Amino acid sequence: MDGALFLLRGRTEAILTMKIHITSLGCAKNRVDTEVMMGLLREAGYELTQREEDAHVLLVNTCGFILPAKEESIQTILELARYKETGRCRALLVAGCLPQGYAGELAAELPEVDAFFGPGDVPRVTSIVAEVLRGKRSLEVGKPDFLYDHTMPRVLSTPFHYAYVKIADGCDNRCGYCAIPNLRGRFRSRSEESIVEETRSLVDRGIQEALLIAQDTTCYGVDRYGEFRLAQLIGKLASIDGLRWIRLMYCYPSHFTPELIEAMAAEPKVCRYVDLPLQHADDELLRSMNRHAGVDEIRRLIRTLRERLPGLAIRTSFIVGLPGETEEKFQRLLDFLAEMRFDRVGIFTYSREENTPAGKLADQVPEEVKEERYHRAMVLQQEISLSIQQEWIGKTLEVLVEEEVAPGLYRGRSEREAPEVDGHIEFKGRHRMIGEWANVRITAASHYDLMGEAIDEPGE
């Protein structure tokens, strides 16, 4: 008899372990929420499974940031719902940002879903599952004010050698195009002690790289301590024995302090890499979108970062087709790309979102114009990226080994590549283990990846 450990009419009944499969969509911040839910469910006695067809409970943690993410979430829900007809599935639950913004509409349109809950309801996941298994449909979405800490169980879904550490949640920036403050709530920082304790625990479990994430990582501490405290946090994390790399993701340009730049320059464990979403290069558009850093300020910041951090790899992102973007303003973006020569760039077409200031503007750009500008920007950046990649030919990089793709052929990353969003380094070598380090001489380059050969073979 299939079953689980769950509450039934006020009693706790132990039945054969019930299996749960969780699908996580969207950003790394959402992924951490998924990992916390996995920890809570496993602690409550459920068995986690990677096979949807074996699961008695299916849960999808959705993204609701832009239209393509919403469409992917809906499609995933519909695909999982089929297992209620063909598999063991007894319950389908939908979590995350999509129900936070659209729970009522979703409940009406998706009767096959047994529960909807938001990011603020993560701590209640076990009770929500129990309610559903008792036959009660759960449609209550709470305030998005949850903030996990080091005391909560967490099951890592990343490879054993790296993990995301969410140092804050929510956002107070209120960019004109973005619905995140409505979906994730106000900005709120974890305590330094909690972050350090969690990171130390992760290192004890084998991770060598901690990726610091938040909606606005550089704003860390301002709500809790009354000042920006990312520089101090870096110093404390760097003191953890066994931690090799600290990587900064989702850095807001106007919140970079001189102290942070100096901390990055002084601490060898901080990767010479920064993720710095800039969104556009026209001052009028930046102001209309409530971005607080102008183009000249951004230029100064990038020059300072490159001066203080030689070899720095900069990842950024831009939005084409923002309301009011004329051909002249778009050309400023192209000129800026050519001038600044960023290592890695994500180009996105503007997605008109409900309940955002930009979504209410009249001067929307036609979809075909957005697509045409997207392709022009991508072609330019690909040329820039290839040129930068080719500059590494003949040089040696320290590489974290992540995969053996064939006998004698390995794949990994240097400090210049973040997992999942950037390329990789493929190299020839012998007897390498996942999670080990290799010095690799670069012999070839493509737009996104590097190729090479190990020069420090074991036993030589």
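The chain as shown is numbered from 1 upward.
Using N, Cα and C of the backbone, Cβ positions are placed for all residues, glycine too.
Note that the structure is predicted; figures quoted are calculated from it, not measured.
What Swiss-Prot records for this protein:
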DOMAIN    18-134  domain 'MTTase N-terminal'
BINDING   C27, C63, C97  [4Fe-4S] cluster 1 binding site
DOMAIN    157-387  domain 'Radical SAM core'
BINDING   C171, C175, C178  [4Fe-4S] cluster 2 binding site
DOMAIN    390-456  domain 'TRAM'
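Taking the mean position of the Cβ atoms of C27, C63, C97 as the [4Fe-4S] cluster 1 site, the remaining residues of that chain whose Cβ falls within 8 Å of it are L25, G26, K29, N30, T62, G64, F65, A69, G96, L183. Across the domain 'TRAM' (390-456), DSSP assigns 1 helix, 34 strand, 32 coil. On the 0 to 100 pLDDT scale, the domain 'Radical SAM core' (157-387) averages 96 in the predicted structure. Of C171, C175, C178, all annotated as binding-site residues, the residue with the shortest Cα distance to C63 ([4Fe-4S] cluster 1 binding site) is C178.
Across the domain 'MTTase N-terminal' (18-134), DSSP classifies residues as 66 helix, 22 strand, 29 coil. Per-site Cβ counts within 10 Å over the binding-site residues C63, C97, C171, C175, C178 peak at C97.
A Cα-Cα distance of 18 Å separates C27 ([4Fe-4S] cluster 1 binding site) from C175 ([4Fe-4S] cluster 2 binding site).
A distance of 14 Å separates the Cα atom of C171 ([4Fe-4S] cluster 2 binding site) from that of C97 ([4Fe-4S] cluster 1 binding site). Of all Cβ atoms in the protein chains displayed, 20 besides its own lie within 10 Å of the Cβ of C27 ([4Fe-4S] cluster 1 binding site). Note: the CA-CA distance between C175 ([4Fe-4S] cluster 2 binding site) and C97 ([4Fe-4S] cluster 1 binding site) rounds to 17 Å.
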